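Asks: Have a look at the structure that comes next, please.
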């Protein structure tokens with residue numbers, strides 16, 4: 001059987017023969033747990049200590065004219081049963097993620113007379129659809145630019161040979177290598193130099209499905225005043241966020257710690273070596289796949305603890321454009337690799353990905369800002385869609401605003417069964433979205449259909465046995481109720 005070194009060598013030559021990769025794309029990380037320190041308020045700045053923004057609208061315009069908004073738009077809506085980019089899923093009032101983003105920036109540009117452009121980083125999966133979709137914004141007061149992130153070949157787990165070399169020449173043989181690719185892709189696309197020539201200084205990058213990721217003038221003002229090259233927005237962890245990456249202080253620098261870097265107890269510690277194989281960073285270990293993981297000596301449980309690690313990464317990032325140019329040109333952004341195992345037509349493959357947050361340690365004066373939870377409102381599943389379509393939120397100028405009538409600062413915990421997973425199925429099972437202002441938790445499983453104007457309060461559990469259908473009548477109020485059949489209503 002081939003050794004890892006032989007596999008790497010074979011990988012290099014295989015990648016060199018793949019003509020779908022441009023030349024720019026072809027071109028041991030270990031942490032001692034005892035050295036991890038909790039960041040101070042100088043490194044993770046509390047949001048409420050930020051200075052107010054200038055009262056003079058002209059000063060605000062000057063700030064905003066230095067800004068670019070970038071949305072990570074490479075993801076498909078497949079997990080929610082949709083085709084095409086996830087950003088075109090309708091979120092509220094018939095408006096999509098992308099509609100809301102455009103409305104927000106339109107209003108900013110109109111209010112202050114500034115010219116904040118919108119950049120969309122697509123993947124080869126979303127590029128064509130996005131080009132068609134953005135035509136509807138041609139009369140808006142925003143410049144909209146698109147560029148593609150890299151495409152890398154999936155690696156066959158057994159022998160590290162690129163999947164396209166084994167006959168998978170279609171899209172399944174390739175993958176976009178995570179959002180850490182945003183920095184070189186900005187440079188390689190020519191967008192970075194174009195923005196710098198227009199006097200732009202900072203990019204605000206965020207996931208397109210995070211409805212809380214709106215432009216914040218206080219953060220922009222703070223970064224420009226303090227010459228921070230990089231800022232990661234973090235927010236307090238709840239038990240629902242135990243897997244989110246966290247910021248740590250390590251040997252005098254701030255850096256991101258991800259759960260993928262923390263093995264379960266059964267993972268063995270290994271030697272990690274980094275190879276550049278045709279532009280792809282590959283880890284060699286002294287144990288074989290699937291144990292390719294970045295090694296720590298503590299268990300995952302400690303990472304998940306909300307006592308030890310109180311904050312997590314929202315993936316709302318503010319980065320200085322000149323600093324990106326400097327570091328990309330010096331090939332200095334050597335982010336940790338996150339191996340992502342997948343399966344394609346029964347073949348176990350490996351995707352080697354990087355996270356944009358991991359770049360924090362390479363920038364000068366990098367900080368985190370501990371922001372309010374309202375800046376993290378992602379829609380990853382239909383349960384999140386239920387939250388943002390309900391009376392818990394209202395829509396004002398493209399901004400999704402939380403209803404002040406909700407006294408509990410935490411959102412209700414919502415767990416919907418597989419019958420609700422696809423957006424079309426989810427929407428068909430609700431005549432209208434229930435009122436959930438006073439809801440603490442909701443669990444729904446089985447063949448359940450909701451009538452109109454239903455109110456849910458406290459803890460509600462509706463779990464049907466297989467083959468039993470439940471139709472909840474219009475106007476029903478359910479408070480602290482456990483339902484397992486029609487007789488419980």
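Cβ atoms here come from the backbone N, Cα and C positions, even for glycine.
Bear in mind that TrEMBL entries carry predicted annotations, made automatically and left uncurated.
Not my notes, these are from TrEMBL:
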BINDING   86, 149, 178, 209, 380  UTP binding site
BINDING   179  substrate binding site
Asks: If the UTP binders are 86, 149, 178, 209, 380 per the record, what's the largest distance between their Cα atoms, in Å?
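Replies: Largest Cα to Cα distance for the UTP-binding set is 21 Å.
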Asks: What same-chain residues, at least 6 away in sequence, bring their CB to under 8 Å of the CB of residue 209 (UTP binding site)?
Replies: 75, 86, 87, 97, 378, 379, 380
Asks: Fewest other Cβ atoms within 10 Å: which of the binding-site residues 86, 179, 380 wins that one? Let me know.
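Replies: With the binding-site residues 86, 179, 380, fewest surrounding Cβ atoms within 10 Å: 380.
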Asks: Can you grab the distance from residue 179 (substrate binding site) over to residue 149 (UTP binding site)? Cα atoms, rounded to a whole Å.
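Replies: Cα-Cα distance, residue 179 (substrate binding site) to residue 149 (UTP binding site): 8 Å.
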Asks: Have a look around residue 178 (UTP binding site) and count the other CB atoms within 10 A of its CB, chains all included.
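Replies: The answer is 23.
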Asks: Starting from the Cβ of residue 149 (UTP binding site), draw a 10 Å sphere and report how many other Cβ atoms land inside it.
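Replies: Its Cβ has 27 other Cβ atoms within 10 Å.
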